[in-house]
Each structure stands twice: as structure tokens, then as C-alpha cells.
Ligand code: BV8
């Protein structure tokens with residue numbers, strides 16, 4: 001019995017730029033998060049040990065923002081591509097690997113999503129390891145719903161910590177036919193190293209407002225806002 005093999009296995013890596021037009025800030029743009037917050041204070045385990053209240057407030061603020069934003073046309077186009085694979089309109093397979101901790105891919109209808117840097121709508125207990133869904137504020141004295149100890153932290157990957165789902169991501173990268181980056185500056189590793197990893201076996205495409213730092217790593221660049229370029233790219237794929 002011949003194994004059904006999708007003709008087009010695509011891994012899409014998204015960054016903060018895909019959520020910019022939904023109203024969420026990016027990190028490195030002029031008015032980005034890092035222009036107002038110190039990475040070492042709010043995005044490292046050392047910073048959390050030094051001042052957990054400062055870090056919790058940083059993530060509580062970003063979590064509260066989520067309620068006021070909606071997925072945009074770029075998120076919706078990727079969800080449509082996943083649906084097309086599901087109902088046979090497209091003989092392909094789509095995996096979204098996101099550096100984003102927002103939930104806009106899922107709210108757009110995407111299911112095949114790996115959050116390699118964690119999720120805002122979860123916290124993690126450093127005593128019992130529970131990772132309960134969390135929609136409101138979390139403070140240093142907030143008890144864990146499972147073990148009741150006040151040892152909760154944001155369920156995100158900070159600098160110096162190992163990203164999540166790396167095995168599944170490495171397997172998908174090794175087997176992909178196309179690798180597409182959307183709205184990422186390509187400055188944070190290991191995510192920034194994926195394109196070099198797949199270049200020998202996959203078509204590489206970058207979608208961003210600006211040209212990539214290393215253009216030679218990409219076979220194609222689509223320059224423009226994600227809400228315009230991603231739907232165009234998906235229509236082209238489904239039309240092909
Ligand atoms: C690790 C979670 C070991 C929390 C984040 C190799 C060389 C040098 C350094 C390192 C290295 N390897 C590791 C390091 C150290 C470090 C690192 O990379 N440092 C950098 C600064 C040099 N990496 C780590 O510590 C990582 N851990 O390596 O562990 C290991 C490795 C492999 C396997 C096992 C173990 C952990 C890093 C994770 C840190 N946590 N986030 C939170 O969100 O608060 S990183 C955070 O910043 C994001 O998640 C994201 O990853 C990164 C931001 O990047 P972008 O998403 O790209 O956003 P940015 O603002 O930069 O760019 C936005 C882009 O969008 C721009 O290009 C802009 O033009 C574009 N844009 C804007 N608007 C639009 C648009 N595009 C289209 N349309 C628009 N409308």
C-alpha cells in the first residue's frame with residue numbers, strides 16, 4: 001500500500017511582525033518592547049529571580065492586551081491554508097512554528113501550531129511543573145492551582161533557556177519542501193538559524209516589511225505588510 005505523501009510540506013516560522021497589524025508591538029522596531037523594557041530585567045531567569053513583581057507585571061500587561069486584539073488577514077490566510085490541506089483542496093501539509101506568545105494563530109483557526117517560546121495564556125509552576133491556562137494577572141504570591149505553592153512564573157522561554165518542542169521542530173525542518181519566515185527579524189537563535197539549516201533541501205521564502213539581514217539565505221523575498229503579502233502567497237499556492 002503506497003504511503004500518501006503530501007506534495008508540499010511547508011514549515012512557516014512567524015515572529016512579532018505577523019501580529020503587528022493586529023495592534024501588538026514588536027520587539028526591535030523603533031517603538032518596540034525593547035525600546036521601553038530592559039531584556040535582562042524582564043526576559044531572563046536571572047531578572048525574574050531579582051524582581052519577580054517587575055516581570056509578572058510585564059507579562060500581565062501583555063496578557064491583558066490580548067483581549068483587545070483580533071487575528072488579522074495574515075493569521076486568517078494561514079488558517080485557510082491548513083483547512084485547504086484538511087479538505088483536500090491543497091495536497092500539502094502546513095506546520096506553523098511561532099516565536100510569538102500570543103494566541104492569534106489559534107484564534108484565527110490554525111491547529112498545527114508550535115509555540116517554541118511559550119504562551120502568554122499559560123503559567124508554569126516551578127514546584128510541581130503544572131502549566132495551567134491563565135487569562136488574568138499572576139503575581140509572585142499567587143498560589144499554584146495544583147500544589148498551592150506561590151511558585152508560578154510566565155510559561156515563556158527566556159534568554160538562556162531551552163526553547164520548547166525542539167524535537168518536533170527539527171524533524172519538520174529536516175523533512176520540509178518549503179520554509180517560509182513571516183515578520184521576524186532573524187536575530188534570536190535557534191529560530192534565526194533554521195533557514196540556513198533547510199536551504200539545502202527546501203525552497204526558502206521571507207515575508208517582511210524589510211529585506212532580510214542575509215538575503216542570500218532566501219530564494220524569494222516578498223516585501224510588504226503581512227496582511228497583504230501572506231494572503232497573496234496563499235492564493236498563489238492554492239491557485240498553483
Ligand atoms: C537558547 C519569549 C540553547 C518571551 C523570546 C547563537 C548566536 C548568538 C546568540 C545565541 C546563539 N544561540 C543562543 C543564543 C542566545 C540567545 C540569542 O539568540 N540571543 C540573541 C539576542 C543574539 N538565544 C537564547 O537564549 C534561546 N535559548 O539558545 O538555548 C539551546 C539552543 C538550541 C537548542 C537547545 C538549546 C532562547 C531565546 C528565546 C527568548 N525569548 N520571547 C517574550 O516574548 O517575552 S525571544 C523574542 O524575541 C521573540 O520570541 C522572538 O524570538 C524575538 C523577537 O524577534 P521577532 O519576533 O523577529 O521580532 P522583532 O521585533 O525582532 O522583529 C519584527 C520583524 O517584523 C521585523 O523584521 C520587522 O521588519 C517585521 N515587521 C514589522 N511589522 C510588520 C513586519 N513584517 C510584516 N508585516 C508587518 N506589518
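For all residues, glycine too, the Cβ spot is worked out from N, Cα and C.
Look at TrEMBL and you will find 1-240 tagged as domain 'Deacetylase sirtuin-type'.
With a cut-off of 8 Å between CB atoms and residues at least 6 apart in sequence, the same chain places 120, 138, 154, 156 near residue 59 (substrate binding site), listed in sequence order. Look at TrEMBL and you will find 59, 62 tagged as substrate binding site.
Sequence-distant neighbours of residue 183 (NAD(+) binding site): residues of the same chain at least 6 apart with a C-beta under 8 Å from its C-beta are 14, 15, 16, 17, 18, 19, 20, 26, 74, 207, 208, 226. DSSP assigns residue 183 (NAD(+) binding site) to coil in the three-state reduction, placing it in neither a helix nor a strand. Among the features that TrEMBL reports, NAD(+) binding site is placed at 99, 100, 101, 102, 183, 184, 185, 208, 209, 210, 226.
Residues or ranges marked as active site, proton acceptor in TrEMBL: 117. Residue 117 (active site, proton acceptor) falls within neither a helix nor a strand when secondary structure is assigned with DSSP, and so counts as coil.
If you look up TrEMBL, you'll see 125, 128, 144, 147 marked as Zn(2+) binding site. In this view, residue 125 (Zn(2+) binding site) is surrounded by 21 other Cβ atoms within 10 Å of its Cβ, with every protein chain counted. Following the DSSP three-state reduction, the secondary structure of residue 125 (Zn(2+) binding site) is strand.
In the three-state DSSP scheme, residue 99 (NAD(+) binding site) is classed as coil. Residues 185, taken from the binding-site residues 62, 128, 185, are distinguished by a CB atom under 6 angstroms from ligand 1. DSSP gives residue 144 (Zn(2+) binding site) a coil state; it is part of no helix or strand. Within the set of recorded positions 62, 117, 125, 128, 144, the entry lying nearest in space to residue 185 (NAD(+) binding site) is 117 (CA atoms). A separation of roughly 26 Å, to the nearest angstrom, links the Cα atoms of residue 99 (NAD(+) binding site) and residue 144 (Zn(2+) binding site). Per-residue pLDDT, averaged along the domain 'Deacetylase sirtuin-type' (1-240), amounts to 96 for this model.
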